[in-house]
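Enquirer: Quick one: the structure is below, questions incoming.
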Amino acid sequence: MLGNGFFQHRRAVHERSKAKGSDSLLDALGQLLQALADQLVIVAAQGVAGHIGFFRLGQALRHFGVAGQIVHAQRHHAQRSRHQFVRVGTFAAVGGHIVHFAVIACVKPALQVLLVLCQVKPADPYFLKAQLTPPRLDRQGKGGKIIKCGEWSSNSGHAQRETGTKVRIILPDIGAYRRMFDTKPHLPDALYSAAQVRDLDARLIAAGTPGLELMQRAAHATWRAIRRRWPEANQLTVLAGRGNNAGDGYLVAALADKAGWQVNVLAVGDPAGLTGDAASAHAAASGIDTQAWGGQPLAGVVLDALLGTGLNGEVREPFLSAINAINASGLPVAAVDIPSGLSADTGHKSDATVRADLTVTFIGLKLGLLTGDAADLVGELVFDDLQADPALVAQTPASAKRLDAHNLPYLAPRPRTAHKGLFGRVLVIGGDHGFGGAALLCAESALRSGAGMLTLATRAEHVPAALTRMPEIMSAAIRSANQLMALIESASVLVVGPGMGQGSWGRSLLSAAANADRPQVWDADALNMLAAGQVSLPKNSVITPHPGEAARLLGVGIKDIQADRPAAVRALARKFNTVCVLKGSGSLIADADGRLALCNHGHPAMATAGLGDVLAGLIGALMAQHLTPFDAACLAVWLHASAGQKVGESGRGLAASDIIPAIRQLLEELQPCLI
């Protein structure tokens with residue numbers, strides 16, 4: 001619960017930070033966090049759910065550089081019980097670097113959890129009252145989302161006591177703190193092209209912010225990120241190019257020199273050719289040792305200020321040798337705005353691309369930093385808006401939306417009078433000889449993701465295995481398309497293709513599905529036969545190609561798909577008038593109207609067979625629960641990637657079936673079945 005004092009403190013901190021300049025922002029943030037901690041209250045019930053909530057709180061706070069304690073209150077369940085709640089107390093930010101949150105609350109007292117029993121005092125602003133009226137929510141969830149005890153959401157500001165053992169809480173939606181509930185904090189939702197960000201930069205200057213001041217803000221943001229990432233470092237080598245990216249580098253060099261670091265600037269482009277703000281930045285670093293690039297040894301932290309977003313075509317000398325030297329050095333590398341050689345629009349790498357450990361980007365988040373080759377090249381991604389006016393930024397429509405927990409499509413809670421017929425009958429069609437596992441994974445995923453009823457149409461040989469694994473699945477042995485017609489008639493959503501094969505059996509079943517007036521999800525061999533022109537895709541459908549399938553669907557090579565993934569997914573959506581999910585690192589979702597969403601979650605342990613079958617079943621289940629194809633695809637991709645990221649933390653050996661329980665748990669935590 002946040003009182004008026006917090007907002008007054010926030011305004012005061014904002015004024016002080018404006019008066020002192022950007023150097024004081026870290027201290028101002030610390031004061032702001034102190035005010036937040038003093039008035040933020042969470043509620044937890046006794047048990048595992050509450051402890052999970054504390055862990056998530058710790059995860060969120062550590063990104064803000066906050067140290068402190070969590071106070072946990074238990075709850076009695078006797079008649080006329082005293083309802084005991086939880087407050088977060090005495091957090092203090094440490095200036096200069098991030099202090100990881102050290103106290104993770106769990107059931108083990110050895111982990112320094114402080115348990116304090118507190119009776120509710122209505123007059124005490126630090127505690128919530130019991131018996132509050134439930135927040136008003138419409139069926140779309142507007143006005144806030146209620147979550148289980150100890151979990152986090154982003155709206156309202158009230159808690160509700162419910163009979164039984166659950167306490168649910170809704171936290172406030174405060175603009176700058178919304179990212180606190182983001183799985184990857186500090187990254188905005190809106191994604192832009194390089195041209196859009198350059199236009200934003202120009203409009204900020206036209207609105208009254210000098211270009212040199214923006215450059216100085218960028219330098220300060222980069223310098224703070226370097227100090228936080230490498231707190232023990234004391235040496236910096238800056239490789240500066242010819243444009244504004246070089247100007248940022250010169251200003252970072254000046255800041256490092258002022259802090260007492262040993263600084264060396266290697267000019268890969270002639271500084272005499274710099275103009276405008278970049279020339280002014282170079283002048284500010286005039287007292288620093290600057291040499292022309294000639295293959296000198298690098299030392300300390302290496303700062304890539306070579307090319308930025310201005311790259312056109314392949315990298316040429318002298319930048320080619322400079323990039324190769326950076327990658328061969330084995331030193332820690334930070335990149336200004338974007339690693340040199342990486343496309344800000346597509347995430348495609350050049351023949352020579354800097355492999356950074358840290359990338360600090362500005363004003364608008366570039367789409368290319370989150371898809372394609374970017375995951376192996378960007379390292380830790382830090383975003384700074386350079387204090388840009390949000391209203392001015394909002395005038396530029398985003399190229400895409402980055403999916404995360406706070407902005408996902410909303411799956412409405414179920415009424416207490418719910419029955420299975422309300423949540424659809426999913427029909428999974430697939431599983432030719434030797435490929436029954438793919439169809440079964442798809443069916444299990446759909447059932448575990450909330451489909452009311454699930455039917456699997458497959459080869460007779462797979463029916464016993466399906467019944468043994470999940471007797472809840474209605475398994476039908478199908479020899480021909482004629483047997484499929486009655487099942488299609490009773491289904492609300494079809495998922496077609498997992499393990500289907502491209503033989504006569506698969507072709508006949510796909511033909512029957514293609515002629516059905518039902519929303520459908522097509523994957524695997526259904527896409528290969530679609531690419532061959534054997535069938536047409538029905539309306540209200542979703543296709544889920546990986547890059548190889550996408551290449552066949554568009555009649556190009558896989559390299560062409562990966563060279564511009566955003567263009568490829570848009571082309572597929574337009575060509576087939578459908579929703580398309582282009583799988584891979586930084587999965588993309590597009591529809592025929594031009595909407596584009598990106599999910600930057602996931603884990604390399606997910607590179608294993610069967611994950612696509614799980615995703616197809618998940619999309620089908622969400623469509624059966626009345627989400628539109630685009631919304632179902634967006635929510636499913638995020639759940640699938642986030643569950644894989646969670647399970648993937650255990651390392652190699654992840655099996656596709658491992659993430660199905662994690663998807664179910666994540667969906668319930670995010671959007672509960674019952675409120």
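Including glycine, each Cβ sits where the backbone N, Cα and C put it.
All TrEMBL annotations are machine predictions without curation.
Quick paste of what TrEMBL says about this protein:
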- Asn245, Asp304, Ser340: K(+) binding site (BINDING)
- Gly308, Thr309, Gly310, Leu311, Asn312, Gly313, Glu314, Asp337, Ala438, Gly499, His546, Asp613: (6S)-NADPHX binding site (BINDING)
- Lys583, Gly584, Ser585, Gly586, Ser587, Gly612: AMP binding site (BINDING)
- 197-394: domain 'YjeF N-terminal' (DOMAIN)
- 403-670: domain 'YjeF C-terminal' (DOMAIN)
Enquirer: State the Cα to Cα distance, in Å, between Gly586 (AMP binding site) and Asn312 ((6S)-NADPHX binding site), rounded to an integer.
Expert: 23
Enquirer: For the binding-site residues Asn312, Ser340, which one has the sparsest Cβ surroundings, going by other Cβ atoms within 10 Å?
Expert: Asn312
Enquirer: At the level of the C-alpha atoms, what whole-angstrom distance separates Lys583 (AMP binding site) and Asn245 (K(+) binding site)?
Expert: 32
Enquirer: Write down the Cα-Cα distance for Gly612 (AMP binding site) and Ala438 ((6S)-NADPHX binding site), rounded and given in Å.
Expert: 9
Enquirer: Whole-number answer please: how many Å between the C-alpha atoms of Gly612 (AMP binding site) and Gly310 ((6S)-NADPHX binding site)?
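Expert: Each residue's Cα considered, Gly612 (AMP binding site) and Gly310 ((6S)-NADPHX binding site) end up 36 Å apart.
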Enquirer: Between all pairs in Gly308, Thr309, Gly310, Leu311, Asn312, Gly313, Glu314, Asp337, Ala438, Gly499, His546, Asp613 (listed as (6S)-NADPHX binders), what's the biggest Cα distance, rounded to the nearest Å?
Expert: 45
Enquirer: List the residues of the same chain that sit at least 6 positions away from Ser587 (AMP binding site) in sequence and have their Cβ under 8 Å from its Cβ, in sequence order, or write 'none'.
Expert: Thr371, Val581, Leu598, Cys599, Gly602, Val637, Ala641
Enquirer: Restricting to the chain of Glu314 ((6S)-NADPHX binding site) and a gap of 6 or more, list residues whose Cβ falls under 8 Å of its Cβ, or answer none.
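Expert: The list for Glu314 ((6S)-NADPHX binding site) reads Ser350, Asp351, Ala352, given in order along the sequence.
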Enquirer: Here's one to test understanding: among the binding-site residues Asn245, Asp304, Ser340, Ser585, whose C-alpha is closest in space to the C-alpha of His546 ((6S)-NADPHX binding site)?
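Expert: Smallest Cα separation from His546 ((6S)-NADPHX binding site) among Asn245, Asp304, Ser340, Ser585: Ser585.
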Enquirer: Drop a 10 Å sphere on every Cβ of the binding-site residues Asn245, Ser585 and tell me which sphere holds the fewest other Cβ atoms.
Expert: Ser585
Enquirer: Sequence gap of 6 or more, Cβ distance under 8 Å: name the residues on the same chain that satisfy this around Asp304 (K(+) binding site), in order along the sequence.
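Expert: Correct list: Leu239, Ile323, Ile326, Val333, Ala334, Ala335, Val336, Pro339, Ser340, Val354, Ala356.
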Enquirer: So how far apart do the AMP binders Lys583, Gly584, Ser585, Gly586, Ser587, Gly612 get, largest Cα to Cα in Å?
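Expert: Greatest Cα-Cα span of the listed binding residues: 15 Å.
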Enquirer: Using C-alpha positions only, work out which of the binding-site residues Asn245, Gly584, Ser585 is nearest to Gly310 ((6S)-NADPHX binding site).
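Expert: For Gly310 ((6S)-NADPHX binding site), the spatially nearest of the binding-site residues is Asn245.
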Enquirer: Taking the Cβ of His546 ((6S)-NADPHX binding site) as the centre, count every other Cβ atom within 10 Å, in any protein chain shown.
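Expert: Looking across every protein chain shown, the total is 19.
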Enquirer: Just to confirm: which same-chain residues, 6+ apart in sequence, have a Cβ under 8 Å from the Cβ of Gly584 (AMP binding site)?
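Expert: When sequence neighbours closer than 6 are ignored, Gly584 (AMP binding site) has Thr371, Gly372, His546, Pro547, Gln562, Arg565 within Cβ distance under 8 Å.
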Enquirer: For a quick check of packing: other C-beta atoms within 10 Å of the C-beta of Gly586 (AMP binding site), how many?
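Expert: Excluding its own Cβ, Gly586 (AMP binding site) sees 25 Cβ atoms within 10 Å.
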